[in-house]
Every structure is written in C-alpha cells, then in structure tokens.
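Engineer: What follows is a structure written as structure tokens; I'll ask about it next.
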Amino acid sequence: MAGAPRGRGGGGGGGGAGESGGAERAAGPGGRRGLRACDEEFACPELEALFRGYTLRLEQAATLKALAVLSLLAGALALAELLGAPGPAPGLAKGSHPVHCVLFLALLVVTNVRSLQVPQLQQVGQLALLFSLTFALLCCPFALGGPAGAHAGAAAVPATADQGVWQLLLVTFVSYALLPVRSLLAIGFGLVVAASHLLVTATLVPAKRPRLWRTLGANALLFLGVNVYGIFVRILAERAQRKAFLQARNCIEDRLRLEDENEKQERLLMSLLPRNVAMEMKEDFLKPPERIFHKIYIQRHDNVSILFADIVGFTGLASQCTAQELVKLLNELFGKFDELATENHCRRIKILGDCYYCVSGLTQPKTDHAHCCVEMGLDMIDTITSVAEATEVDLNMRVGLHTGRVLCGVLGLRKWQYDVWSNDVTLANVMEAAGLPGKVHITKTTLACLNGDYEVEPGHGHERNSFLKTHNIETFFIVPSHRRKIFPGLILSDIKPAKRMKFKTVCYLLVQLMHCRKMFKAEIPFSNVMTCEDDDKRRALRTASEKLRNRSSFSTNVVQTTPGTRVNRYIGRLLEARQMELEMADLNFFTLKYKQAERERKYHQLQDEYFTSAVVLALILAALFGLVYLLIIPQSVAVLLLLVFCICFLVACVLYLHITRVQCFPGCLTIQIRTVLCIFIVVLIYSVAQGCVVGCLPWSWSSSPNGSLVVLSSGGRDPVLPVPPCESAPHALLCGLVGTLPLAIFLRVSSLPKMILLAVLTTSYILVLELSGYTKAMGAGAISGRSFEPIMAILLFSCTLALHARQVDVKLRLDYLWAAQAEEERDDMEKVKLDNKRILFNLLPAHVAQHFLMSNPRNMDLYYQSYSQVGVMFASIPNFNDFYIELDGNNMGVECLRLLNEIIADFDELMDKDFYKDLEKIKTIGSTYMAAVGLAPTAGTKAKKCISSHLSTLADFAIEMFDVLDEINYQSYNDFVLRVGINVGPVVAGVIGARRPQYDIWGNTVNVASRMDSTGVQGRIQVTEEVHRLLRRGSYRFVCRGKVSVKGKGEMLTYFLEGRTDGNGSQTRSLNSERKMYPFGRAGLQTRLAAGHPPVPPAAGLPVGAGPGALQGSGLAPGPPGQHLPPGASGKEA
C-alpha cells in the first residue's frame, strides 16, 4: 500500500492505498498493515487527504488558540502604546499593533465557522503566518523615533538589542506549535524572523562594538533554542498523531477484513439453515442457557406440500465416475434442481444420494404450494428428459407428492442439517417409491388443492406398494398436456448429425454437459455466498449511513473495491460524521481524564517513545543557557554550580532512560516516573534561567519617601538611579521566559500538572521582579513599557504554553480514543469471527469449512476429495417408529422428536472427547446416525498406517453408543434398541448444491455400510469381512454371522462385533480410560453388548431391505429415512 509518508529522499512514487508501492507492515501483533509515519505527509495523496480531514477539527481548535494568543499580544502592546507609556523608540511598530490586533481578530472570527474545510483552514493559517511575519518585522529595533542617543524630556529612548526579542520568540513558537501550516513554511518563518532581527540589530542599533557580537550571539542562541524546540514539538506531535491515525486505520482495515470474513461465514450459515432457525441456534450456541434437557429447534407447519424425487438409472452411471466427475455431475444436476426450486418457491431440504426432496410453503406460507410442487416435479422431469435426449443415456425421474403437516428444524448438537419429519413426509416418500419414471405421483389430498388446474389419471399406487394398499390411499398421475419447457443446447434435434456424440463412458457425458452450459448454469457451492449481491450492497450502505451518525460504532458494510481504497472511503465517511462534541463527552472538561477509569489506566500504560528525546532536548537548552550565561551575563559561583549540576543530571537521565529502554522499557518508566522527571527537569532548567535573572537584578534598591528608588551608600547621600546596574538584565529575563519551554516537549505528560507548574513558575518570576525592585527601578512606580513588558511576556508565554499543553493533551487523548474504539470493534469482530467459525465447524467438517473461507470466490472450484480407506458407520434405532405418534397430547409428534433430539445430542456429546476427535458426524437421517472416520486430510502412507486405529476409534464409539442409549432408556423408561453397521473402503467426499450446499460422502462403501445396518440385528454391530480383518488383531471379539444377501452386492460374509476384551479374555465395553461407566448395576440393567443377545435369524431368512428403519440407498447413499414411516411401513425402494 503506497501509504508511507515521504522521506527526505522523496519517497513519493506510491499509488493508491492498497497497491504494492511503498507498502510497509507495522511490527505489531498479528502483522497488521502499518504505514510508517516518518515525515510531514504520506506518499499517497488520498491517505494524506484523509489525515488532513481527520485532524481538521483539532487543527481548527489549535488555530483558534494561536489567533487568540496573537490577538492578545497585539492588543496588549496596542494598549500599552495607547496609554503612552515611555519605552524604547517605537520605530515602524508605531500604530501597527491595533491594526494587527484587528486582523488577528478577524481571522479568529473566520476560523470559528463550523463548516470550515481543510483548504480554507490552510489559507487561514497562511494568512495568520503572513500577518505574524509583518508583526514580527515591525517589532524589530529600527529606531526611527529620532536620532540616536537620549533626548532630554523626550518620550523615546534609544533602541536596544533586546527590543522585540520576546515578541519574536513568542510568535515563532506559536507558528510552530499551533498554526496549521506546513513544517517547511514554519521553519522558513522562524529563520526569516530570527535573521531579520539579528540583521536589524547589527546595523541599526547603536552599541559598543566590542560588546555587540556578544549581544548578537545571545540573541542568536535564544532564537536557536526556540526554533529547535518549535521544530521538535511540531514534528513529534505530528508524528504521534500520524501514528495514532495509522493505528486506527490499520484497526479499521482489519475490522473491515474481519467483517468480510464474518459476512462470508454468515452467508455460509444462512445457506445451510433458514435465517430464523440459524439466528436462534447461534445465540444459544454462543451463550448456552442453563437447562436440564437440550433445546429442540422444531417448528410446526400445518399446510405444506412435500416433494420426493429420485433419479432412475443414476446408480449405474455414477458407479463409473471418478471423484471429480461424480461431484461435478451431482452438482450440475442438483444445482439445476436448486434453481428450479427457487423459481417454483420450494425449499430444498436434503439430498440423499440421488434422492432430492423439497417442501413448498415452509419458510414463506403460500396458498398455491401444491401448484408449486407440481410445477417443480414437472420441471425436474423435463430437465432429466433433456439430459437423456442430449446424451443418449437412459435417465429418468420419479416424483412423489403429498400435502399435509410437517415438523421442520434441526436435531442434535453437531453437524446441523435442516430436515422435516411427520407421517405426511413419510407418505410423500412412499409416493415417490410407488411412482413410475417420468410421472408426477400425487395423493388425493394434493389433488384437492390443485382445484382442477391439471389433468390427471389414476395412479394405482396401491398395486405397487403395500403401505398405500394397507392405508387405502388413492393416488393419481399428473398428465402434462405438452412438452412444457425446451432447454436450448440439450435437445437432440439441435445437435448436428456430424457433431452428435455417442456416449460410451461417463467422461463423455460430463464433457457434453459442460458444452451445454446454456441450460446448466449451476453455481459452485458457496460461491454465491462469498460476495455481496446488489441488494445486499444497497441494504448495507443504508445501514452504514445510519450507523455513521453514532461515532462510537464502526459497524458497516462497504461495497467491495480495492482493499486500501475501500478502507479510505470508509474512513472518509466516518470523518464526515465525526462530531468532536461527542468525543469530548468521554473526557473530563477540566482534567481531560477519561471518564472510564479503565481507559485512563490503559492510556497511561502507553509507551512514550519521545521521552528520551525530550530529555536530550532539555539538555541542549540547558547548554544554550550556559552559553548565554558565559557570553553576556556576569558569572557567579552559585549559578555555575547549578548549571553544572543541571547538565550532569540531564546526562544521567539520558543514560538511565537508555538503559531502561534496553532492559525493561516501558515497564520501568511509568507515567508517575515520567511526570516526576518532567517536573524536576523543568524546575531545574528554570532555576538555572532564574539564577541568571537574580544575579542581574538590583536587590540593593529601596524606596524613598517620595516613591523614587535610591541606593544606600556609606556617604549618606541618596542619589536616584534611573537604570539598573546590570546591562544584561533583559537577556537574563529572556532566559527566564525561554526556561519555561521544556514543558512543551514532554508530550505525554498530562496537561493538568503542566498548567499547575506553569502557574508556580509564572508566580515566582513575577515575585522575583517585584521583590527585587526591578519594576520600580524601570518605571519609577508608573506603568512603563520597560517595567511592564517582562510581566506581560511571562503571562503571554505561560498562556501560550498552557493552551498548547491542553491542545496536545486533547489531541493525544482523542487520537487514542479513536484508535481504541477502532481496536475494540476490531476485537469484537474477531470474537464474532471465532464464534461464527465455531458454528461453521459445527455445520461442516473443519477442513471443508476452512477451504471455503480461505478460497477466492472468483477462483473457487468444486470441493471434492477421494479417500482410499474410510470407516463408515450407520447406527439406527429401528423401534423408534413404534414410539413416534402424532397426537394433540404430544403436540403432533413434537414431544417424540424431543426425545430423539436428546438421544442424538447425547451421541454428539460423545464426539467431544479427545479420543473421538478423528470422528466426523456426517448427518442424521430420521433416527439413523451416520458417522465416518479417516476424512481428515492426511498423507497417503500415514492414512494407510492409521486405518486400523481409525476403525478402532469407530468401533469404540459404536460400543459406547449402546451405553448412552441404555442410560437414556433407564431414565426415560423406554426400550429403544440400537442397530449398527460398519464398513471400510474408498469413498468420495464433496460439497454439492449451489443454493443449499451440503457436505456428503458417496460410494460403494457408504452403500454397504448402510446395508450392514438395514440387514443387521437389533442390539448388534454388524461389520463387513474387511472390517473384521483389520480389527481382529486388536482386543475385539467377533462372532461370524455368515453370508447375508445384500442388495446390489449379492452374498456377503458379515460378522457381529461383540465388544472389547481385556488381557484376561473377559469382555468389556472399552479400554479407553475416558469412558463414562454408567452405574447400570444399580437397576440390574446391563449394556446390550454385554448382555445376552436375542437369537439371530438365519441369514438366508432375513427380509433384505424390509422392515422399519431399513435404509436402502439407490446406489450412492442411503435413501430417505424409514424412520419417517409409521409402524408397518417400509423404507424407500429404489
């Protein structure tokens, strides 16, 4: 990012913020981007303009203070001139002070306009500097009041070398410290003023030539001291402010980046769950309420239509696919179905293998929900027909519809998936299974909702399905009047004979699908949730404008542009809405302390990077005082000793600060130590300057009875002496004024102790003048320019330093407040990001969620992964159907699902143990729990080595599930039984579905694992021969069941996993020390794996695929849950 300020070598060749030129990173925690504040302005003009806008109101306040001081200065001199006080020859300044006073007041009025912008303020500063220059030049000792020398009775006396020096020193310091002009301009002003006074003094002021060079040298040293201090104060104050601005900008940039990430996470979350459910679950997930039972997130909808659809012929097609081809093919097909669902106002619920089911009227109640589902079914059939005609692959769609009541929501604690339950859902599933390819199969209930808008024919579903026959359900087929939709690019007649392709493999099919993108515009999963859509942008900008009215909030959404430009635009809007009054409300008006004690404490803990430099500069000033003292002021042993002590002490302070910086900085240099050191250093330097003053004042003078001053002599005569005996008294007084300047360089010392110290120093200065008799000696008791000027000078200097101290304190505190608020909001956003990530990791596997969060949506590809060895488990509760019933007394089945939620939640809580960290819950299908192990990304050799360990973990988890279910049975007086099937082998994992992305695994391994469950025995764990081979060398006990007929696989040899055995051969549930050992013995209840098993029926006699809870996938994964079915219903038939 070209935001680094220009260095002395001219580093101005940077582009806009966010580009590569001049980019620098701050060495802060987390590698935040920083822009190094080196010199006066940033290389990036946009960033410099932002900084000027950021400092506008503070600079405006400083300009008002500067103009107030200049007006007071000119007004005081004009008042002294008006009263006709005798003084030095007025020269060209005669009559100019009132004019300058009016000019400064006029600029003060103009500056006080609230709508003043940066260019106008800069012009005001330049005009103020110009008027200050003319004021300073006219204060030089031109001596045009008459001939050189004294005039008897004249009002003017000869000009002196010290004439106008204090005015020029004050104006120079004001130009550096308070005026909003460029540093080079302020430096030029200081040099011109100093050079002009020295030149005029050298040429026009009469003086003894041998002493002139000493006077000019003393003046030059005083001008040098003020210029050095002014430059230091200006540069360090601006550096501190620029650093705070950059810190705030970096925090805002991080905050916006985190906001983008959070927006991705929120959109990802909203794509997986309905908003109302997601928000409620998120709140409870982050702040779990105290409750005995787990909260259930179920809603009831009484008037919806449910559609189940299955792709006929897809199993054989998919069996030939590679991992990439399979995921692409599924995403293409189901992505198109998601688009059709959106167009037809349906919400897709789940994808189970090649089965797709959705509901209309769920999230948004619709009176024509039946029409929407019928249109959806017909569109799906047309889509598959178009694919079949274009590719010459035998594919078709079987669709079943029913209208009724559903319970929708989420069960469990991990891997939430939105689902629906009810007897009507079961019936819709049966309608699909009993339908015919290419037909939309509907019930009489659905037909009644269509109001005769569609032609129908008898469906005779009872002839193909026993459930329909048992429950005497009449069914119908929708008869489309004509080919409803023509999808360009996929109709066979549109393909030229010369280019018609005969597909022999799936690869050719996929190539053709890619060529036919006019129909298939399926999005990459999650790609549509990674960027803001137009509506969201407009809504975000409206929200931003509202939030910008409140300064304390940085929350907004900004249109995505270049990162640096976006941050700069955002800060620009914040500055437009910035209100100093609101920010000052956080500070105490008098002490400027934060009203929040904790914030004040943190502010005082900030490191003062320039404290050592301030002490070095104080040492330089002490050395300058020493030179002035040696040049022009009469020496005394006491002052010399004080000067030596001051310099030695300051050198020791510099060494101490260097040591503390190396060893323990900033812990050793607390705010209390810095304040004490600052006060002592200022008092010490001022004491040196005041020692010069004391040595030059006429302490032997006393008042005569008539008010004149006399010197007491041994002769008794009382001659009146009109002048003090020390010719260097004016320069000593000037040293006293400049001696207060060290207060200005300790920037991070609070203004309150500075102002108290200024009051003490000013009082002591005035007391020395009065007690020494200096004022009476100079003016003989009357108001005189000579006698009044030192008091006027010290008052104006003290006023300027007090205003500057307060201004710097306000600047630093508001800068810190700005940066602290930005940092707090960034930290809050970081916390939100972590919270959202926790939720996302609860919806998707951690490595999958991280993949989508880290991916660039423009370069995102389909996520898929092929695994050679993965353990897959299906655990079902087959007798849950006997328990599920819909009655008014149980809220139409909600209370039954509440118990199922407890069971699934307890299963989920098992995965919180470190022992099961490698397990991944895939989903729940009704009362069936699906999990896998070995999906975490690992190297191939490592995966082969640890597959036995993974299977051992999966087997232990299955065993402990029996323990958990038995405990629930004991507490709820139920008799649920678990039936588990486990298989191991290659699988394909991926994310499909553009609108409702879903992570799943596919493959023959998954199908066989499902069959191990559906063909298993209640209370037993059935495993394949491969699982037995990998685990038999461990401490597991198996019983060979024999060969079992498995759909699509023929006869398979299977085993029952009986449990684990210890070294003595006795049977236990697990060797894991973390296992929770339930006290079943108190009720005489044993774990089912430890108790006697029910007799196993002969393998040949098992009704494969029949019975409650049977899961029979259609080639890729289990079909929709048989648990939806009421007693006696069968599962989904492919």
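Using the three backbone atoms N, Cα and C, a Cβ is placed for every residue, glycine included.
Sharing the features that Swiss-Prot gives for it:
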COMPBIAS  1-21  compositional bias 'Gly residues'
REGION    1-31  region 'Disordered'
TRANSMEM  66-86  transmembrane segment
TRANSMEM  90-110  transmembrane segment
TRANSMEM  127-147  transmembrane segment
TRANSMEM  154-174  transmembrane segment
TRANSMEM  184-204  transmembrane segment
TRANSMEM  216-236  transmembrane segment
DOMAIN    305-432  domain 'Guanylate cyclase 1'
BINDING   Asp310, Ile311, Asp354  Mg(2+) 2 binding site
REGION    495-522  region 'Interaction with calmodulin'
TRANSMEM  613-633  transmembrane segment
TRANSMEM  637-657  transmembrane segment
TRANSMEM  676-696  transmembrane segment
TRANSMEM  727-747  transmembrane segment
TRANSMEM  755-775  transmembrane segment
TRANSMEM  777-797  transmembrane segment
REGION    1027-1050  region 'Interaction with calmodulin'
REGION    1088-1134  region 'Disordered'
Engineer: How about long-range neighbours of the transmembrane segment (727-747): same chain, 6 or more residues beyond its ends, C-beta under 8 Å?
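Structural biologist: For the transmembrane segment (727-747), the nonlocal Cβ contacts are 160, 162, 165-166, 169, 173, 177, 215, 218-219, 222, 225-226, 229, 232-233, 236-237, 240, 608, 610-611, 613-614, 617-618, 621, 625, 628-629, 632-634, 674, 678, 681-682, 685-686, 688-690, 692-693, 695-697, 754, 757-758, 761-762, 765, 774, 790, 793-794, 797-798, 801, 804-805, 808, 812.
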Engineer: In the region 'Interaction with calmodulin' (1027-1050), how many residues does DSSP assign to helix, to strand and to coil?
Structural biologist: 5 helix, 12 strand, 7 coil
Engineer: Hey, what's the Cβ neighbour count for Ile311 (Mg(2+) 2 binding site) at 10 Å?
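Structural biologist: Total other Cβ atoms inside 10 Å, all chains included: 27.
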Engineer: With Cβ-Cβ distances below 8 Å as the criterion, list the same-chain residues six or more beyond the ends of the transmembrane segment (216-236) that contact it, or say none.
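Structural biologist: Residues 40, 161-162, 165, 168-169, 172-173, 175-177, 183, 186-187, 190-191, 193-194, 197-198, 201-202, 610, 613-614, 617, 620-621, 624, 627-628, 631-632, 731, 734-735, 738, 741-742, 744-745, 747, 804.
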Engineer: DSSP says what for the domain 'Guanylate cyclase 1' (305-432): how many helix, strand, coil residues?
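Structural biologist: Its residues fall into 59 helix, 39 strand, 30 coil.
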Engineer: Do any residues of this chain, six or more beyond the ends of the transmembrane segment (184-204), have a C-beta under 8 angstroms from a C-beta of it, and if so which?
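Structural biologist: Result: 40, 126, 129, 132-133, 136-137, 140-143, 159, 161, 164-165, 168, 171-172, 175-176, 212, 215-216, 219-220, 223-224, 226-227, 230-231, 234.
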Engineer: For Asp354 (Mg(2+) 2 binding site), list the number of other Cβ atoms lying within 10 Å of its Cβ atom.
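Structural biologist: The answer is 26 other Cβ atoms.
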Engineer: Inside 10 Å of the Cβ of Asp310 (Mg(2+) 2 binding site), count up the other Cβ atoms and send me the figure.
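Structural biologist: Other Cβ atoms within 10 Å of Asp310 (Mg(2+) 2 binding site): 27.
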